[in-house]
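J.: Copied straight from Swiss-Prot:
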type: ACT_SITE; residues: GLU322; note: active site, proton donor
type: ACT_SITE; residues: HIS351; note: active site
type: ACT_SITE; residues: LYS455; note: active site
Amino acid sequence: MDATALWQRYLEWLYYHPELGIYLDVSRMRFDSAFVETLAPQFAKAFADMAALEAGAIANPDEHRQVGHYWLRAPEIAPTEELKTEIVETLEQIETFAAKVHHGQIHPTRGGLFTDIISVGIGGSALGPQFVSQSLAPERPPLDIHFLDNTDPDGIDRVLNRVEPRLSTTLVIIISKSGGTPETRNGMLEVEKRFKDAGLNFAEHAVAITSYGSKLAQIAESAGWLAIFPMHDWVGGRTSELSAVGLLPAALQGIPIREMLHGAKLMDEATRVPDLKTNPAALLALSWYCAGEGKGKKDMVVLPYKDSLQLFSRYLQQLVMESLGKEKDLQGQVVHQGIAVYGNKGTTDQHAYVQQLREGLNNFFLTFIEVLQDRQGASVEVEPGITSGDYLSGLLLGTRQALYEKQRDSITLTLPQVTPLTVGALIALYERTVGLYGFLINVNAYHQPGVEAGKKAAAANLALQKQLLRILSQEPQPISLMTLAAKVGAPEQTETIYLLLRHLAANGRGVSLQGPPEQPDRLLVRATA
């Protein structure tokens, strides 16, 4: 397609949101009008399914749950007065709590103001808050935030050691819907121990975000924590950023949360329009479907050309892959759906993997995210008439052109600035796109059975570890792995048994391995004191 035809295609498919100042360009995706026509019935059904979801239908049939994250920024559309009241009151409680912390009405036991936050959560309870913090937190926030988003002991120590000098003025937020998420529970216990060792009462620094009546809620209530905020069963972790999960940490950092909610609400209104060409989420869903033939055949590369949006690709990775990566469709047929997502930031990635994108396997489509405003204030000219921001813009446009010349498809999403309004809109845009695409390919985008399978396998391995230690404590002499596996009645799990014991031995945990490390089948195992 020549330059004139491309310009006409750009004009035909360009979307612009006047209140948000957001542009969406899908002209470099290679679909035609005939292809769009074939999808018209599927889009009509997807629009109807989305309307039913917002009206309170059971949109997560596997867990028999409603899906209500859209109600969070428009309580008036919640299906009951009770839900509407709960949403409004929770937002007010978040704002009141943050204001009291900022003004010292809620303060550390030893006086003064809280200076830091440790946020303990995993998955959606971490990725959204991390993305929003990096993109929107002021340079000097009222509280600095630190995240414990894994059960890695070394990683936990790094965060706690960094905060140690200010532990007495640190607020801790524990985020877990059930209260039983092992990684979050482990983080909570590690932090609690550090507070105890410092002579501090953990409860006087702790806040819970959890579901009503959960294990975590019971712990927080009985210990007298500072506050408990709700996690609703109709909000999934990966769509929870505009619930208490994301709004409380944001408010404590001084981020205007109502502006985020307003941006999301404006985008929700735009993406409710049941017309493909004037609905930005539908345009994105169409592009995804076209790129991967509705089967996820191509990866999604996300390149924000703005440092403050660097974590957006990680946030999208969970939102897209956990929602759409499904073995079966809604009728139980095996389909193996999904879209792989990766990315970092431009122009950094132009010096990393863009070489392969242009000249290697054509197994992807790319989303450029452009921000029009370079910075607050004027820029230095690095060449006559040219600024650093001009280079950033020029490199984006150049990469887009270079990829298109090699038959590589791309989408360009343009924001006027990175603000609470546009970040809220960005979150809402992709939440809706994932929902529409899920309906197009007929999968449940709101559950995650694969994650649960991994949790069950991990629990079984830890139970096996306890059994191994018990048997070894009764053995007077070293025994072989095969013998030990037979004694626990699991000869088929010899490899797992070896890997568990190797980890215990490396950490001095009551086990020693004798023999050549490169030949595990010849090792002898014994208990140590």
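Just so it is clear, glycine is given a Cβ too, placed from its N, Cα and C backbone atoms.
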J.: To the nearest whole angstrom, state the Cα distance for the pair LYS455 (active site) and GLU322 (active site, proton donor).
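T.: Cα of LYS455 (active site) to Cα of GLU322 (active site, proton donor) measures 15 Å after rounding.
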J.: Would you find the one among the active-site residues HIS351, LYS455 whose Cβ has the most company, meaning other Cβ atoms within 10 Å?
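T.: In terms of Cβ crowding, the pick is LYS455.
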J.: Near GLU322 (active site, proton donor), which residues of its own chain have a C-beta under 8 A away, given they sit six or more steps off in sequence?
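T.: GLY123, ARG238, GLN448, VAL451 - these are the non-local Cβ neighbours of GLU322 (active site, proton donor), listed in sequence order.
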